[in-house]
Amino acid sequence: MEKQRREESSFQQPPWIPQTPMKPFSPICPYTVEDQYHSSQLEERRFVGNKDMSGLDHLSFGDLLALANTASLIFSGQTPIPTRNTEVMQKGTEEVESLSSVSNNVAEQILKTPEKPKRKKHRPKVRREAKPKREPKPRAPRKSVVTDGQESKTPKRKYVRKKVEVSKDQDATPVESSAAVETSTRPKRLCRRVLDFEAENGENQTNGDIREAGEMESALQEKQLDSGNQELKDCLLSAPSTPKRKRSQGKRKGVQPKKNGSNLEEVDISMAQAAKRRQGPTCCDMNLSGIQYDEQCDYQKMHWLYSPNLQQGGMRYDAICSKVFSGQQHNYVSAFHATCYSSTSQLSANRVLTVEERREGIFQGRQESELNVLSDKIDTPIKKKTTGHARFRNLSSMNKLVEVPEHLTSGYCSKPQQNNKILVDTRVTVSKKKPTKSEKSQTKQKNLLPNLCRFPPSFTGLSPDELWKRRNSIETISELLRLLDINREHSETALVPYTMNSQIVLFGGGAGAIVPVTPVKKPRPRPKVDLDDETDRVWKLLLENINSEGVDGSDEQKAKWWEEERNVFRGRADSFIARMHLVQGDRRFTPWKGSVVDSVVGVFLTQNVSDHLSSSAFMSLASQFPVPFVPSSNFDAGTSSMPSIQITYLDSEETMSSPPDHNHSSVTLKNTQPDEEKDYVPSNETSRSSSEIAISAHESVDKTTDSKEYVDSDRKGSSVEVDKTDEKCRVLNLFPSEDSALTCQHSMVSDAPQNTERAGSSSEIDLEGEYRTSFMKLLQGVQVSLEDSNQVSPNMSPGDCSSEIKGFQSMKEPTKSSVDSSEPGCCSQQDGDVLSCQKPTLKEKGKKVLKEEKKAFDWDCLRREAQARAGIREKTRSTMDTVDWKAIRAADVKEVAETIKSRGMNHKLAERIQGFLDRLVNDHGSIDLEWLRDVPPDKAKEYLLSFNGLGLKSVECVRLLTLHHLAFPVDTNVGRIAVRLGWVPLQPLPESLQLHLLEMYPMLESIQKYLWPRLCKLDQKTLYELHYQMITFGKVFCTKSKPNCNACPMKGECRHFASAFASARLALPSTEKGMGTPDKNPLPLHLPEPFQREQGSEVVQHSEPAKKVTCCEPIIEEPASPEPETAEVSIADIEEAFFEDPEEIPTIRLNMDAFTSNLKKIMEHNKELQDGNMSSALVALTAETASLPMPKLKNISQLRTEHRVYELPDEHPLLAQLEKREPDDPCSYLLAIWTPGETADSIQPSVSTCIFQANGMLCDEETCFSCNSIKETRSQIVRGTILIPCRTAMRGSFPLNGTYFQVNEVFADHASSLNPINVPRELIWELPRRTVYFGTSVPTIFKGLSTEKIQACFWKGYVCVRGFDRKTRGPKPLIARLHFPASKLKGQQANLA
């Protein structure tokens, strides 16, 4: 209804065209910028009206029309007008001429035909063409009824389009007291519901001022309209105006006033409605009262030039725009040309003022520091977001965008009369169509670029002189430059065009200069393992239970396929072990001492670093927090506080205790029969469940070097007999030891123990179906409830700790279970029932479930059950801690981090280690994990994975090397070797990437997923040796970068070597200059043996079809290699070959054995030689020493330093003050002789000579190096450094069974390295000599060595990478005399230069 009233009222009178010139009066907005800037200081505003209407008699209708427009703009805000001085109103006398020209333009614009509006796509309307048009009926104005401070609103009227009807005979309708006069200068148009943002204008008023303003306004309007505006009724348009809906009083209560309390008048300009209809001249972009001022220079120097960088209230331009205009609207405000619709039909609730009132300074209260254009309202669409530009109903909200300092506006206000002409002009662009991408980008660029960079439309077509006059002055530009501050903007909210190439960053972590960013090089894609569905299925079954039914295949065909696959990998493992055994030495299983806690902390330290760094870090912990050393005599058989069964092993010092299940019965283990041939578990043979319980112990093994037998209990096993008066139990099934949870290693009792090999035996109790927990579901956080408490499900959740005992068959009545039923959360059942500790089921919520599940599960239930079943394990010499873990737990984390600082990541690892120890104390009451040896493998894996920082590889290392479970950890060395040898198939590589150019290898989890289903049937000893040989092979031969392929014993089967060899053949030969210079790359690849070459060519042929399919390369014809030409020997050469020169010295070839024996006889019978100086006599003890020159004591190279050392026997007098060598240590104590004249810091021997030596004499000065060297050479005493075997230095205890070290690794005694000991020559004269390779790490020592030298080093030599302090038992760096790294040598030479 309201729309209908507005439509009808707008057509009551035809538009009046003013014909007479207008008298001078101020424009719509006659106040200056300076007045706006100071308006916030006013605290009182009131309206001063002029009741004398005689001043309007001389005005024409056009003047009255303009005056009415001005009055309507003033009173539309419904706020009191403050009293101002009359200075500003006198500035508008020069505007009459411009307004007269405007009135003529208005007449022309009104008579034009309006354009048809564009129909909205989202809301189509049906046009009724055939319906007759209705004549508009004049209607009396309707007073708005105000109830409770709210104006009643008219209902919505149906939308009907009407054409313009002009009637000149209609009279003007008087304006009611509730609304001001509204005149219509446009044809009839549609009325739409609009939003009233009057609340924004109310921010300048307090709630009390707003209520008083409404009352004063209502009373004042009634009084003045009754008395003073009667003369205007005959002149104005008779079209009634629909009063604008007023905001309710309740909405005004939430308006926040400004601090200065000033009121802000509003002018409602319905620009959005005009933009929608696009009705020609009435909606054109024209400022009817100020368009003539657009071309003025001062108008174009307005303060919007400062808008990009100025702020108000802590908000930037961009932030305010995004806040005021919702959605993605692009608000483009142009300060040079805009629209201002002054149609009287769009003005509501207006009042009329006289010219005298205007001249008295009514508008002087408009001094604002912002762009207060005409109103404070912005119309933004709510129902639908648009990407077009926002429509401004009233532009005074742009006040928030600009803030102008007072001293900057003074330059523009130097001419008051000229500055009065300046009006704020705002362009509002309305998008008709959906903007394209190019338009969007252009709009964004316009919004980002400052207005200072744009030229107004009025500048186009002007001469250079005009442009020169209109440009900014030099003073203005200099002032702008002076005020320019890079810190003015907020960097967090700054909008800048982003391009990767022009990005800049702070160098040096924010403390350095701003430099262009260096784009990160995109890494090459990581290759992936070609996994089949069957492998993935078996992998999942193995995670749940190693003895699952489908592990060997779901049908006969799959079972046969798996048997063939496992036979292939068994052959590969045997072949690899055999070859590496010949080169890298004997690395079969020999037990080390150490606790489970040591190994868990050891895997923390070995993550992502080399072994020599991680081993040094653990040695530092043992040195800083040592355990009090207890002699071995104090470690007798461990006892338990409760009555227990003594399980005795032959030739063993260790005993275990278990609860009195069978009344103090004894268990005797019988010896196993030796088996010369290794036996593997067949794929069709029933293997032991992963939940079996095995009682075992570690024992010392007598090591020999001649025997190569493997004694195993795979086939025959060992029997367990339990003698008891009440009942007798026997073991139903004996299972192979390679699947046992814990393996017992024993020595065979023989008459010749030094000729025997290790014999394995185990005592096992079959407890099937226990702890069958899905490991995958633990990782995925899925909880599976138990189906039956008496039936163990393979999907048992980790919240259920159960064990099913059905391995014993009682000959008599069963006895009571030893499990204490009073333990919380545990229940005891007999005859195969489940011992369970059930926890409430958790909901599935991703990662959060994992944390809740770990907290909810009682891991101590595993310990209680293991101790109830196998007894409490006491600390023995074999299971004693290497480090005082209680002291580490109580120490400061910074102290622990400082101890392992050399390893790297010290702070993070120190926190993890202390967190691990804290959890052990909180969960179990003590730092002890020996009970984990009696826990089933699957449960042990789940428990270890629950610790923070332990992954699958780390857990598998602990299980295989410490707990002796069936596992095969895949680290970086194992994964790289498996890929290069072709054990793991890869998905097709990109065309440009070859196998030998791989920088990244597949994920280790995927490699293990492929290998483990094929290696799961191997025994534990084979898996241990295979793992140990592979990680050593990765350090010595198959390094990540520049592997030693020439010396590799596996190059005939290596795909990496085949790819590199094929690439080297196709490569162009190097230049002669390049051939003469030393190459930093590895040695050139030698041709393999004939059979190896065929295998390598097959690999290349297999890889070619894939390339032919995807790669199209030009055919390159390679010429055949020329055949070697046979040298023709001339007749003269043949004759000269048999010509003998009588003056030539003949070469005498001696029999060295006979020569040695004769030399010994001469020395024995000829006593005269012994009377002289024996040190200068030539003594040849063997044929080898007689035929070869004496080797040097020290051979220095860049990567390694070779030292000739003497091997000291255990009974040597030099070892009287040292610790006794461990019986299982394969290495001996060594003595490294110093070169005469050498010092601890000397790198190369001195070549200087003394002046006394020219006369055959030696000086007595102690500082003379040359003379002292000669004296030491002739003396009977030499200096030396003791080298300690690594196993003896660590007292046989180290994490992960000592796999950190090499089997032939020694440590240099730090004390004798600094101060060498004096050794008589007679004590070392007949000792065997060995070679020790000193270096920084094992890979650098063996880099570039031949196969023969590597083999000699492992079998007859030793390696040394660190020193050892015998007092603190901590690691030390090697002194310069033993080895000086090439990197430090280069730095030292550079410093000297």
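Cβ coordinates come from backbone N, Cα and C, glycine included.
As annotated by Swiss-Prot, region 'Disordered' applies to 1-25, 98-186, 237-265, 653-722, 789-830. Feature annotation from Swiss-Prot assigns compositional bias 'Low complexity' to 98-108, 687-698. As annotated by Swiss-Prot, compositional bias 'Basic residues' applies to 117-126, 243-256. The compositional bias 'Basic and acidic residues' annotation in Swiss-Prot covers 127-138, 162-171, 699-722. The annotation region 'DEMETER' is assigned in Swiss-Prot to 528-626. Annotation comment: Swiss-Prot describes 653-672, 816-830 as compositional bias 'Polar residues'. The ubiquitin cross-link feature in Swiss-Prot is assigned to K901. Annotation source Swiss-Prot lists [4Fe-4S] cluster binding site at C1038, C1045, C1048, C1054.
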Reduced to three DSSP states, the region 'DEMETER' (528-626) has 69 helix, 3 strand, 27 coil
With the fewest other Cβ atoms within 10 Å, the residue among the binding-site residues C1048, C1054 is C1048
When you measure from the Cβ of C1038 ([4Fe-4S] cluster binding site), which residues in the chain that are at least 6 apart have a Cβ under 8 Å away?
N973, R976, I977, R980, C1048, M1050, H1056
Out of K901, C1045, which of these recorded positions shows the lowest number of other CB atoms within 10 Å of its CB?
K901
Which whole number is the mean pLDDT over the region 'DEMETER' (528-626)?
92
Please list, in sequence order, every residue of the chain apart from C1038, C1045, C1048, C1054 whose Cβ lies within 8 Å of the Cβ centroid of the [4Fe-4S] cluster site.
R980, F1037, P1043, N1044, M1050, K1051, H1056, F1057
Need the DSSP three-state call for C1048 ([4Fe-4S] cluster binding site) to compare against my parser.
coil
Whole-number Å distance between the CA of C1054 ([4Fe-4S] cluster binding site) and the CA of K901 (ubiquitin cross-link)?
39
Assigned element (helix, strand, coil) containing C1038 ([4Fe-4S] cluster binding site), judged by DSSP
coil
Residue pair C1045 ([4Fe-4S] cluster binding site), K901 (ubiquitin cross-link) - Cα distance, angstrom, rounded
35
